[in-house]
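Visitor: Would you mind keeping the following structure in view while I ask a few things?
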Amino acid sequence: MSIQFFSYDVGGLIVKEVRLLILWRRSALPNGRTLFARMTQALRIASSDKKYRSIFDRTSLLAFFATPHRSTQHQSPESVALALLNQCYCGLISPWISIFPPNFSKVVARSEVEFRPPTRAHILNVFQDPGPASPIKDSVVVHKSCAVLGVDGEVLIGLDCSHYTLARLLKARDKRYLLRQASHAALRHGKAFQQVVGLFFLDSIRTFDAEGPKFECRKVVSQLASLPQLQSWRQGSVDSRVLWFGTPAMLDPTSLFRTLRSQIQEENQLGDPIFIRVDSTLHRHNELSEPQILASMCQQILRQQPQLTSALQDLLLNVEDAAVGSRDCWKQRTLWNCLLVLLYHPKDAETFCFIDATSSLQTKNLAGQLESVMKESEMPLRLIVSCRSTAKQTPEASTQVDVDLSDAGFDEPLRQDLEEWIRESLECGLTDSTLREALLTQILSSGDFHLARHALEFFASTGSWLTKWSVPSVWAMLSKQSAAELFIEDNIRRHGQWLLIPMLWALEAFEPMQVDEIDVALMLEDNGVAGQVEDFINLLPGISTIRRGVFVIADHVRPAFDYLWGKYFATYQHHVYLAKSCVAALRHHLRVTPAIPQLREDKSSDAAARLCTYAAMNWVRHFSLQRNSETTKYVPHPTIITANETDPGSPNEHAGVSEAFLEDPELSRLWITHLRRALDLDGLDEELGHLILPETLGSRLGICTGWAIRISRQLASMRLSSERDVTNSLLVIGSETDDLAMVQSCLSADPSPTEHTLGYALAAASDPIKEKLLQQVGEPSDEFLYRALLSSICFGNVSVTEDLLVRITDKVRVAQVTPLEGSKLQWPQANESSESAETFRHTPLGVATAYGDADVIDLLINHDISWWDLEERSPPPGTWNALHHAALGGQRNIMCKLLLQQRKGVLNSSARIPNTVTESGNTPLILAASRGFHKIVALLLEDGSMRGYGVDVNIQNEQRSSALLAAARYGFSQTLEMLLTYEGIDYSKTDSNGASILHLALVNDREAAALQILAHKDIFSNEMEYQEANMEANSVNNFEDDDSFSESSVDTTDVVYTVPARPRISLHQKDGSGLTSLTIAIWRNLKSIVEILIAMDADANGPEGEFEAPLVAAAEVGSFELFTMFTKIGATKTEAALNTISTGRTRPLHAACAMGHLEVVRELLKDSVTQLSHTDSNQRTPLCAAISRDQNHVISVLLDRETETGLQEGLWEAARSGKAHILDQLLRRGAEINAQDEYGNTALQWASYYNKPRCVERLLLGGARLDLLDCDNVNALGDAARSGSAEPLKLLVDVGVDVNAEAGGDTALCRAIWAEEVECVSVLLQGGAKFILSSAQSRFENLLTFAVQVSSPEILRLLLKAPEERDLAPTLRSACAMQSTSQLEVLLEFYDPAKVDLGSGWTILHLAAVHGTLAGLTKVLDHATGRAALNYGPKKVGTPFEMAAFSSKESLSKVEHLYSNAALPGLVQPSSRFGTALNAASYRLNDPVVVYLLQKMQLEDINASGARYGNAIQNMLASAWMDTERSLKLLGILLEAGVSLTPTSADRHGTALHTAALFSPKPLVEKVIETSRMLADERDGEGRLPIHLSALQEEWASMMLLSTTTSTIRSVDKMGRNAVHLAAAAGARSVLEKIFEVEENEDLLLEADFDGWTPFHWACRGEDDDCARFLIEKARKIFDSKWDSMKHELVTTDEKTWTPLDVARFHQRREVELLLSLGMTTSDAENWMPDQSQNLGSYCDSCACQIWHEEHHSSALHCKKLYLRFNGWSRMCQLAPTAKRKYTPTLLGYKTCFKVADNLVKARLAKVLVPHSQGPLQRKGRGKGEGEEDEEGIATVENYPVSQSCGVEMIRAFVIDDRRIQPDATRNLNHEVSVGSEDQTQMSLGTGRLFVQSVDSPLEMVMDVAAIFLSSPKSAHKQDETTRAFATAK
């Protein structure tokens, strides 16, 4: 085991790497002491050594993996814990330490003195945490019980895996996997740490596994690190350096380099941390090509600086071609461009690259080129090149350091140590191949998998392994064994895994470095094989696997396959098992590689389809770098097949690449399909897919198998939509590969390819193909030539470029115009395609400059063509020109050439060109300065001086960064010096964060740059000078907003600048964070700079309101030297200074206490002890700050001086922080355990909320009260429940707290459910918590509904499992309406329809159909009970299909899904609301669903009607007011489909015109009338005409449309009502005004209906006072003198009739004017108060909806405008003969239900029944059966007539006149009323009423409700129900 500690620019990491060394020494793990000693060394160096203080300060994460172990074979937990305490952490106590050793206290004390832990860092602790059902059985355990450290900031991550798997987390070859897992885990647990740029692990040399040689290796490296050359390389902090070292053949350079890196880091004399990332794929036994090295360097840079991926967006045209094209020179060219962009892009940290150059002279020269490239910039880059060289052989390049371990002049002691090291490592006797063969034979025969793996790992480190060991030799070795077949079969059955690994290794199926990935893929465990034997048998053919993008089967593997297939799977195809063989291994690759795109789910069950899916994704992984939503391709194509089959790596060398694709076209099709999916491309049709098959291409083009496969792969990765696209692509491929035959074939197939294709092919063509293509073009256009020219420059095809230049020049000269004027060559506009915009984005000169082609630039300049001058074409603002490209790429020579040509006048550019800006606001000067190109900066500054104009050095880009600010930020000393001394520079410029050049240098740790800036003391000023200079500069020239330098300007006059007095920098200036330069320097602990700033009169005390006072910063940093420095210079420890609170941070004493700086604390407390009571901005005392960071040594000092108040504050902080040992100290010193802070929180509440079980336990034992509440009325139990503190909650429950008590309106269970804390809910349920919904959550129906809405499925399942009675009905309704289906799935597990009543015949399928989503509906249908209700529906509800059509959520999808599951779309239920699904969809105006249903339904079903509105058209018209336009469209659809305007239910609902008149706007009415004019004369079931309903809707325009000879305003319905009655009832004053404008209509004013109600009655019944007022005023005018007598009739109240006044009073009409008009005096009106209803509830006589509250108005919006039965349902038998109604009286909100069969109803009448016949109300005889009592005192009501107009509401009316009390009614109050049989009960239908009076005063008695039902009419249709009368009273 080993511990590595490494640091980098943003943090540090401690990682434990576990490795089982069982090759030759199968012993236990190394002693734990070694582990802890090494970790101690790293931590002590980081915490105490001044050299490494920056590393310690920046450490943000400590990661422990598998620490410590607990096993019967290893150390006990106690000893491990003691060692950990002694060697690593001080004062650490964990509950698993059961027995403390005798010397425990001494160890702790010694640890506290010797070591201070890095308390700032977060701790990530990974351990084993198997579940109760986990199959893991492991002897070595890393469990929570022994791995938890118990320190602050610790994040615990439990994994259900074996120790073997856990330990191997750090051995994964793809280190990004571990990085991703660590970062994700930390983020999931709420711990954010700084960005980790990479991971590196120190490991032993792979060649030698013994422990000794590893330390000898470190000895060698230690001597190597002490070499002067290496010291020089390490000390260069700014310049880019190259380190060369040669290694013997037996020494793995990668391993040596790893050890070297570690040694350099540990001995780093600089303050800057070093980080180096080595790609595991770099170690190869074959020679790397130049493109491979370039690609590897790009990968290494991007892994260290992942943010640089955005820099690749600006690459030019052929970036993608490098991955798809064929010519290596173009690949290399593009990769160079990518590498230069990454090298030169501004970076805030150093970058390291490693090259294993082996013995290739070519790669050594490449490294030399890189060194020269690096010298052009000041950007820091470290390049390490490893060369396996022979004696006297050095790299052929000029390098700064040459170190060759094999050189004769090499340091002799170092040589001796190295040779001894190698000799000792070979003493095992494996120096010769014979011994290796013998050992391998022995290992394979033994069946020991672990031994075989490590032996093969050892052998694979030598270069001769892959050639010496092959499949034939291994297979022959196995076949030599006796009974070979039996032997193999037996080993397959018993040890299926061990045989596969050697064969895979020997065949190079996987690289040797990937052995652990194979282990994981095969799911191997320590003690056995996981999986079925058949799985491993299927994996044996995995010897042939994915190899560089092509699936191949090597011929020398065929014998093995033939044997295995013949033995086990003779009846199956080969490729099927090849697919199975790769699935497991590839799955691991896909899991750990984030760059692989996610494929759509493949529904194919064929194994070959799975193979192609994984293979395609594996191929994409090789060349794609995922960047957000884009993919930048820069790695060369991985295919190893070349045109020349005799080349190395060709098919012939591999004994014939598999012809599986040609033999099986189906496999080829699958491969192409999944490859296109992996690239996110559209699929191909069958014909197009056939064209790109390898066999088709081979026969069409006459090419070999290898090329056919490769071209097929290229075509499969392109966007193809037609056969022409295939031909054009083949033309380009033929041009790229210089295949004239392919080009001719393509031109023959398509003689007229697109200009884009021809231009691309021409740019890539050689001379013969170029001539052929130019002949094909004929007379090319300027645009074609321009596109081809740009492409040829990108490809570096000089020959084509020169030819095109000649052609363009001739064309221009002949035309005598510039292409800008005479052709279509223009810059792309906004409406042009992105492809065109990208093509024309750069000029030819700019493209050539970007690629650094000096020859092409000369060619462009020397041609007499003016239109590529930098200004001639006047590109739009923000366009890059050649100077930008030269500055961006560090092309100094090209920059010189361009500037020189400008001076000569060859390039007719103006003086403003060097000041033009890109889209980001960058000038060439800013680009060069931000990349450290100091020579280019000097050129630009010098050129401006020579030409007589000034380069604007003060321009700032979008980020407000100028050239000077960029140089200061990145510490480019030479660039910075030039700019600081340049005339006209503005030193006071700041960036977007308000940082000056000095701020940037200090913030980015550029100490040298800061010193360089401070050396120019003349640029600094005091505050007054600073303000004056700024004012002067702003008044002279302010160029920031000046647009005179816009590139689009046509003014070419040179600009002469007026140089103002330059503003200087103030030392008091603050950046955007409020920090001064002095404060930043203190934070960085830069003492020398602090001294300089103080000497320059920087304010040591800081100005008033300073964000971070220097004294506070010094106290927090803990530098006693800095602190005393401030004391000496005058920053005295005055009370004001010490009490300074830096905004948002802390005081000096608080900062020192929190950081544990004891010396500073004592210094601060010398003179002012009162500081202990001061609080910071977080209201914490210094003691609290020390407790929060567990600074025990500071706490001891503070406790001796604390007051009682301070001790109390400390107690709360200790409880919050979980410091139990400090809690004990504070309680012993007198802190009150039950004290409450200002928010009412006690220590117990703090500990409970923050999950500190040890503190809770101590407080409970100390007698803490459980009933105390905080300011939110929450107790400790509620705090623990809502914060997820399960352990403290368990402690509280165990001590007996009431778990069902409410606190603050919530119970603990409700809080835990709301917080989604499963453990807490479980604890509470086990503790006896009941299913009680708290008062604060009363808006939910029950606890389960509350859990469904606010909590997780796990908690819901936990509640459902509890043995509590529960009602699932409301819970199911709530779950069905949710978007997520997780809660619904849980409920379905417990759903039993027999036990759950959803009401009114509803089923769960109905709920899901109307309220749920498609996913929820699918879940319900999949349930056992869901499908049972598919075509079932209650009468009033309808079927699920009907509900889905009515739904507003995914209605069409749900309808389609139900139909696919056998739902009947034509099912008709006339009694339901809509009747059919079509009607429901029409009402919802859901035209897609309507169209779908019309296609599925029969013609006879589409006209079916429902109970509410009628057929589909009527339902649509009923809701047309919501969307008129959509309704008109839907009406046309329904009419076209044959839906009738006169439905079968017209006798009940009327025609469609009735519905339109009542609900729809005028356009719909017009549309219906146009369709059928005759409908205006049709009547509905109540005799109403459409004009009646329009009057009710107050639509006068519609009434005019509906007027006919038989349909007028005088027409009456069956109740004798005309349009005036209905308009008055609806309050339609505008209609009444129109009607009474005609004098002939005045008689309608007093027209009475059959009940005797005039428009006055109906106006008083309505709600519009204006309408009643209008009628009264109109009556006064019409009747004039007769009005007084008429008015008396209107207000006279008697027992016979209801006057308008009665109606107004009953309906609470309070308008004084109306009442006065009805005959009341002024005094009576002022004192009159309406009768109150005593909160009586009942049913509305209009809509049967419940009525509540004092005023008798229905709560339903459609009460008036739907059924129009304003005065009661008492006439229902006559109005709607087919309808059946039941009325349920209510009393004070509680229903009293009566069954039909009941003949006796208990009631107490308050008034006799008053019978009458036609005419005035009269009383009949008073005999028995006529309303009197019988012998038993029971009154009968059989023969009493009931008024048609009184209705139910009149029965429940209150006494209006107390004087009309019948004296004989009192004796009937306590008697029952009997209801006669059907034959006996006959009620006349004349006008009359049933009236209720009071015995006493109406204000003293609460009246009861009486309701009466009418008998059926005298017709042939008799009702089934008898007429009943009900009456109730108290």
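Each position is counted from 1, following the chain as shown.
Glycine is no exception: its Cβ is also placed from the backbone N, Cα and C atoms.
Checked Swiss-Prot, it gives:
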REPEAT    840-872  repeat 'ANK 1'
REPEAT    920-949  repeat 'ANK 3'
REPEAT    959-989  repeat 'ANK 4'
REPEAT    993-1023  repeat 'ANK 5'
REPEAT    1144-1174  repeat 'ANK 8'
REPEAT    1239-1268  repeat 'ANK 11'
REPEAT    1272-1301  repeat 'ANK 12'
REPEAT    1339-1368  repeat 'ANK 14'
REPEAT    1400-1429  repeat 'ANK 15'
REPEAT    1514-1543  repeat 'ANK 16'
REPEAT    1548-1577  repeat 'ANK 17'
REPEAT    1615-1644  repeat 'ANK 18'
Visitor: Hey, which bits of the same chain come close to the repeat 'ANK 17' (1548-1577), Cβ under 8 Å, at least six residues off its ends?
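Guide: Residues packing against the repeat 'ANK 17' (1548-1577) from afar: 1505, 1509-1511, 1513-1514, 1517-1521, 1524, 1527-1528, 1531, 1535, 1541-1542, 1584-1590, 1592-1593, 1595, 1597-1598, 1601-1604, 1606-1607, 1761-1762, 1776, 1778.
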Visitor: Any residues 6+ beyond the ends of the repeat 'ANK 18' (1615-1644) with a Cβ under 8 Å from its own?
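Guide: Distant contacts of the repeat 'ANK 18' (1615-1644): 1582-1583, 1587-1589, 1591-1596, 1599, 1609, 1650-1651, 1653-1656, 1658-1659, 1661-1664, 1666-1667, 1670-1671, 1674, 1678, 1760-1761, 1764, 1766, 1771, 1775.
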Visitor: Reported in the order helix, strand, coil, what are the DSSP residue counts of the repeat 'ANK 16' (1514-1543)?
Guide: 22 helix, 0 strand, 8 coil
Visitor: In this predicted model, what is the average pLDDT of the repeat 'ANK 16' (1514-1543)?
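Guide: Across the repeat 'ANK 16' (1514-1543), the average pLDDT comes out at 89.
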Visitor: Which numbers of helix, strand and coil residues does DSSP report for the repeat 'ANK 4' (959-989)?
Guide: 16 helix, 0 strand, 15 coil
Visitor: Under the DSSP assignment, what numbers of helix, strand and coil residues are found in the repeat 'ANK 5' (993-1023)?
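Guide: For that range the per-state counts are 19 helix, 2 strand, 10 coil.
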Visitor: Apart from its near flanks, which chain residues at least 6 from the ends of the repeat 'ANK 11' (1239-1268) lie with a Cβ under 8 angstroms of it?
Guide: 95, 1211-1212, 1214-1220, 1223-1224, 1227, 1233, 1274-1277, 1279-1280, 1282-1289, 1291-1292, 1295, 1297
Visitor: Apart from its near flanks, which chain residues at least 6 from the ends of the repeat 'ANK 14' (1339-1368) lie with a Cβ under 8 angstroms of it?
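Guide: Hits for the repeat 'ANK 14' (1339-1368): 1309-1310, 1312-1314, 1316-1318, 1321-1322, 1325, 1330-1333, 1374-1375, 1378, 1382-1383, 1385-1387, 1389-1391, 1395-1396.
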Visitor: In the repeat 'ANK 11' (1239-1268), how many residues does DSSP call helix, how many strand, and how many coil?
Guide: 16 helix, 0 strand, 14 coil
